[in-house]
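Undergrad: First the structure, which I've put down as structure tokens, then a few questions once you've had a look.
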Amino acid sequence: MKKKLGLLAMVVALMAIATGCSETGQPITSKSTGIWNEYFVYPLSQLITYFADLFNSNYGLAIVITTLIIRFALLPLMIKQTKSTKAMQALQPEMVKLKEKYSSKDQATQQKLQQEMMQLYQKNGVNPLAGCLPIFVQMPILFAFYHAIMRTAEIKQHSFLWFDLGHADPFYILPVVAAITTFIQQKLAMAGTAGQNPQMAMMLWLMPIMILIFAINFPAALSLYWVVGNIFGIAQMYFIKGPEIKASKAGKAGGSSK
């Protein structure tokens, strides 16, 4: 259930970006109406503008700084999500045994399976939906930031490094880096689980491809946001799951040397 919700969240996020393009053509201002614009998009647009003014109208640097601020603010939720995922992974062997024990598809057997599953969760203090809540809390914030970048008119009038923020990267460097960092981040996040869930393994490749397509066609400002966010996510995953990944590799190396 939790994995399906996580997959749904990623798909919804991509659909939201794709279907939100019609509104992104409307600049965000203090006169923009609606709860979404007034309380989500406009404040983030103002935050970007504040840092741009602070650094001599450097909107590229402002996007980098604002992205990092948002990521640090969401970090506790990400840590909670990761811990919940690890707790669920630890229960996988027992969950598999229960599914084998109650393999019959009749309603009575399936109800018994659900009861046993809930008892297993309660016994180990695990909430199967705890890892999904952070995803749905983050999505509105990150999507609002996407809108703030796309709808802040001043961003389109400035450049950063080798690219114009209002146009796609002419050298395709940012789209490629965005796709690669998306892949690395997801690879770290799915370490040890992709083989257990074919759907997640599929998303490991699908997400970078879709990000590449979006980044090639969207303004470089959005690609910059993706790259910075992904690099932060990679560092975050390394520090959270790094010891676990190293231990897994050491175990495999030790087993192969025997």
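From the backbone N, Cα and C atoms, a Cβ is placed for every residue, glycine too.
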Undergrad: So which range, 181-201, 223-243, gets flagged transmembrane segment in Swiss-Prot?
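TA: Feature transmembrane segment in Swiss-Prot: residues 223-243.
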Undergrad: Between the stretches 160-180, 202-222, 223-243, which wins on the count of C-beta pairs under 8 angstroms to the transmembrane segment (59-79)?
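TA: Stretch with the highest Cβ contact count: 223-243.
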